[in-house]
Amino acid sequence: MEEDLFQLRQLPVVKFCRTGESARSEDDTASGEHEVQIEGVRVGLEAVELDDGAAVPKEFANPTDDTFMVEDAVEAIGFGKFQWKLSVLTGLAWMADAMEMMILSILAPQLHCEWRLPSWQVALLTSVVFVGMMSSSTLWGNISDQYGRKTGLKISVLWTLYYGILSAFAPVYSWILVLRGLVGFGIGGVPQSVTLYAEFLPMKARAKCILLIEVFWAIGTVFEVVLAVFVMPSLGWRWLLILSAVPLLLFAVLCFWLPESARYDVLSGNQEKAIATLKRIATENGAPMPLGKLIISRQEDRGKMRDLFTPHFRWTTLLLWFIWFSNAFSYYGLVLLTTELFQAGDVCGISSRKKAVEAKCSLACEYLSEEDYMDLLWTTLSEFPGVLVTLWIIDRLGRKKTMALCFVIFSFCSLLLFICVGRNVLTLLLFIARAFISGGFQAAYVYTPEVYPTATRALGLGTCSGMARVGALITPFIAQVMLESSVYLTLAVYSGCCLLAALASCFLPIETKGRGLQESSHREWGQEMVGRGMHGADVTRSNSGSQE
């Protein structure tokens, strides 16, 4: 039988058994010549020693040795003091993101009246923030994959802090339009906090812990409304913008403690730094560090857009893009619709609601009243039960079904707004709808980092976040401009979009429930070799048969 010769450089030489397991004998080590036995195929290998202290690639690691991967270390160390600190720190960035988003629904009617802006300019003020977010999301994902999760997150937060405070001093509409767009550019990188956070979490706690960060989003939205209740009547919107940057300032002060992702360090070839980070976590948690050598997955390129469209991930990427688009489109649309519908007053019947909304959306504007703020606060509080419901069902139903359920319930509540309802029922329906659309967002933030491997995790999340910003960019023209023409059509657009998103969730090819974070998009090298060896053996047999 023909023998194939393989030259392996800087890799330990092992004997691959037929089952894919490896074994190393003293005779092999002494002779320096080794064999790979795969379905009767004998392949000669040349032994090459590793440098002292070098990390052993996973595909060539001897399972009888004491070796571990980052995933093994994170699982062994578990959830403890370190993760609680990390939760609070990354949660501050998440809280700030929520406040910057929530402020749009408060700032828009205020400037509409104060600067006598037409409806399209009010909508543009909201959209420009999402233009900035959309244009930067992929950029921040690339930065995080190339230079580190910590680096990308720090730069984006400091950028947002600077332009957020500067926008409070905008003298005219054009200035605040540009400055809020730059704020949006910085906010596009804040979702990378989820990537960093997820890579330090053990598998069993990952979904619950990522949802824990979502609690900070809920806190941020509620805090923004409460802040507006006290600040707007006395100090005005400029002080509201300044005070809304406080969580970003706290993050900037405390970020020196934030570690770089150990998974990223391993992928970058910084094994010593990764081990130091893991030892730090083990010390803080009071847990033992795994013994042995750190092993790494197959080295591959990082942060390449084409990796999101390989046959394995193509449909996942496209479906996730639509899911994120629909989620942001509906979530931010509901946030903007809430203030518009509350300003319309206590209405009964679609036709009367339409007239009321048209009156309130005209240039004869009206500032948000105390009652409007209180109702806005009630609907904002729905973020908390949304987190709790998602937390309860996501590990029972799985990620895909959770997203689908949230989209369906939001769509149903949107359709109920077609019938005659009073202000109290309107508030209740908006409360339920917001709880579940925020739950869908939370489930997407759990699913997306889990489905992509380490090499493209930040880029995958960044592109999904970018598609979400496209939806958020469009939604002001539906919730604030189209609403003037047709309440029916506006509600139908949001309801239909979420029904399609529910279907997209069901068609996702991968369910990540109970699955560890993937280090590589490739199969293990040994498995690939077994596949090739078996294929080669089959070919040899078939050729022999044909010759006979």
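Heads up, the Cβ atoms here are built off N, Cα and C, so glycines get one too.
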Consult Swiss-Prot and decide if Arg116 and Leu341 are found on one and the same side of the membrane. yes
The topological domain 'Cytoplasmic' (395-401): which same-chain residues, six or more beyond its ends, come within Cβ distance under 8 Å? 207-208, 443, 446-447, 450, 505-506, 508, 511-513
Using a Cβ-Cβ cut-off of under 8 Å, list the residues of the same chain that are 6+ residues beyond the ends of the transmembrane segment (490-510) and lie near it. 315-316, 319-320, 322-323, 326-327, 329-330, 333-334, 337, 400-401, 403-405, 407-408, 410-411, 414-415, 417-418, 437, 440, 447, 451, 478-479, 482-483
Stretch in 123-143, 239-259, 317-337 most in contact with the transmembrane segment (157-177), if contact is a CB pair under 8 A: 239-259
Should the transmembrane segment (123-143) and the transmembrane segment (458-478) be scored as in contact, given a threshold of at least 3 Cβ pairs under 8 Å and pairs 6 or more apart? yes
Find the member of 181-201, 374-394, 402-422, 458-478 that has more C-beta pairs under 8 Å to the transmembrane segment (88-108) than any other listed stretch. 181-201
As a test: from 210-230, 239-259, 317-337, 458-478, pick the stretch that has the greatest number of Cβ pairs under 8 Å with the transmembrane segment (425-445). 317-337
